[in-house]
Amino acid sequence: MKVYYENDADLNLLKDKTVAIIGYGSQGHAHAQNLRDSGVKVVVGQRPGGANYELAKEHGFEPVSAAEAAAQADLIMILLPDQVQAEVYKNDIAPNLKSGDVLAFGHGFNIHFEQIAPPADVDVIMAAPKGPGHLVRRTYTEGGAVPAIIAVDQDASGKAFDIALAYAKGIGATRSGVLQTTFREETETDLFGEQAVLCGGLSELIKAGFETLVEAGYQPEIAYFECLHECKLIIDLIYEGGLAKMRDSISDTAEYGDLTRGPRVINDKSREEMKKILKEIQQGEFAREFIAENMTGKAHFSAMRRIGKEHQIEQVGGELRKMMSWLKK
């Protein structure tokens, strides 16, 4: 896979454009500030009221409505939650799109699953740093960067890829490296990773381990330490050097248990379920379910959230974390 760096991107492609950042949240604040510091003209679309509006003002922007930002801009980056993008696009952005504009996204959900259907005379691109916004901003100010991925869904101008690469340079990503993907690949792999591994898989693994120990008569506090608290120690090692570094860093006892017992937890049945989850994503079943849930008031979603917060592991963890002076309160 080709990796694109500073010399591959031409920031001048953005010099005569106004970039609208729609949503001043986790990613929005980093994109807006980094682009501005790279010499790009930026307007922030953020509804009045709330912390993000005030934060944008603190950072030297004069936030306006999404509609006004879209009207002023030549490149519109939508960095809102997936479930609200389609409505904001329909009501505020689409009426203000001009032929030749660039519509940009940090995640491909609404384009891939056809919740947003841009006109044929605009470019549709993606530029997505592979890290949280605070890290995107901090590394930029330190002279480094978080790597990013870019994609093109619609190339009306014939320059969409180059514009996406220029945008990635504007937020600093070409300092570390930029990879090309597609909206389909980014969306489907992102959803799968969240559901099967990073969020869904890990959450259920932690809870199942905790419950197994507690049901066997062990103290909940000890079960919490062994099944949840120590995850960070292992994840940090994996993050820094992959599974190999983690295994090099743990005891032989732990490594032997990893290699011999791990496959009994994540077994052929688990892998079959992963394949089913991926198929549901690929066929749009998950997207339809998620969209319907949001359109009907999120009653089931809210109930699941409430049940999760009432789990014993949350109560135990809340008490134990009071003992941890290094955690931010």
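Here the Cβ of each residue, glycine as well, is placed from N, Cα and C on the backbone.
Feature annotation from Swiss-Prot assigns domain 'KARI N-terminal Rossmann' to 1-181; the stated evidence is sequence analysis. Taken from Swiss-Prot, the feature NADP(+) binding site covers TYR24, GLY25, SER26, GLN27, ARG47, ASP82, GLN83, VAL84, GLN85, GLY133, and the record attributes it to sequence analysis. According to Swiss-Prot, the feature active site maps to HIS107. Taken from Swiss-Prot, the feature domain 'KARI C-terminal knotted' applies to 182-327, supported by sequence analysis. Among the features that Swiss-Prot reports, Mg(2+) 2 binding site is placed at ASP190, GLU226, GLU230, with the record citing sequence analysis. Positions annotated as Mg(2+) 1 binding site by Swiss-Prot: ASP190, GLU194. Among the features that Swiss-Prot reports, substrate binding site is placed at SER251.
Feature map: annotations from Swiss-Prot on the structure.
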| residue | record | DSSP (3 states) |
| --- | --- | --- |
| TYR24 | NADP(+) binding site | coil |
| ARG47 | NADP(+) binding site | coil |
| GLN83 | NADP(+) binding site | helix |
| HIS107 | active site | coil |
| ASP190 | Mg(2+) 2 binding site | helix |
| GLU226 | Mg(2+) 2 binding site | helix |
| SER251 | substrate binding site | coil |
Compile a sequence-ordered list of residues in the same chain as the residue listed as 'active site', six or more apart from it, whose Cβ lies below 8 A from its Cβ; state 'none' when nothing qualifies.
ASP82, MET126, ALA128, GLU186, THR187, ASP190
For the NADP(+) site made of TYR24, GLY25, SER26, GLN27, ARG47, ASP82, GLN83, VAL84, GLN85, GLY133, how many Å separate the two farthest Cα atoms?
20
Sparsest-packed among the binding-site residues, when each Cβ's other Cβ atoms within 10 Å are tallied, from SER26, GLN83, GLN85, SER251:
SER251
Candidate binding-site residues TYR24, GLN85, GLU226, pick with smallest Cα gap to GLU194 (Mg(2+) 1 binding site)
GLN85
Based on Cα coordinates, which of the following binding-site residues are within 10 Å of TYR24 (NADP(+) binding site): GLU226, GLU230, SER251?
none
Mean of pLDDT values spanning the domain 'KARI N-terminal Rossmann' (1-181)
98
Among GLU226, GLU230, SER251, these being the binding-site residues, pick the one whose CA is nearest to that of GLN85 (NADP(+) binding site).
GLU230
Considering Cα atoms only, can you say which of GLU226, GLU230, SER251 is the nearest neighbour of GLN83 (NADP(+) binding site) among these binding-site residues?
GLU230
Out of GLU226, GLU230, SER251, which of these binding-site residues is nearest SER26 (NADP(+) binding site) by C-alpha distance?
GLU230
Cα-to-Cα gap, ARG47 (NADP(+) binding site) vs SER251 (substrate binding site), nearest whole Å
52
Do you know offhand how many angstrom separate SER251 (substrate binding site) and GLU230 (Mg(2+) 2 binding site) by C-alpha?
14
Least surrounded among the binding-site residues, given as ASP190, GLU194, when other CB atoms within 10 Å are counted
GLU194
Would you please pick out, from the binding-site residues GLU226, GLU230, the one with the fewest other Cβ atoms within 10 Å of its Cβ?
GLU230
Cβ packing number for TYR24 (NADP(+) binding site), 10 Å threshold
29
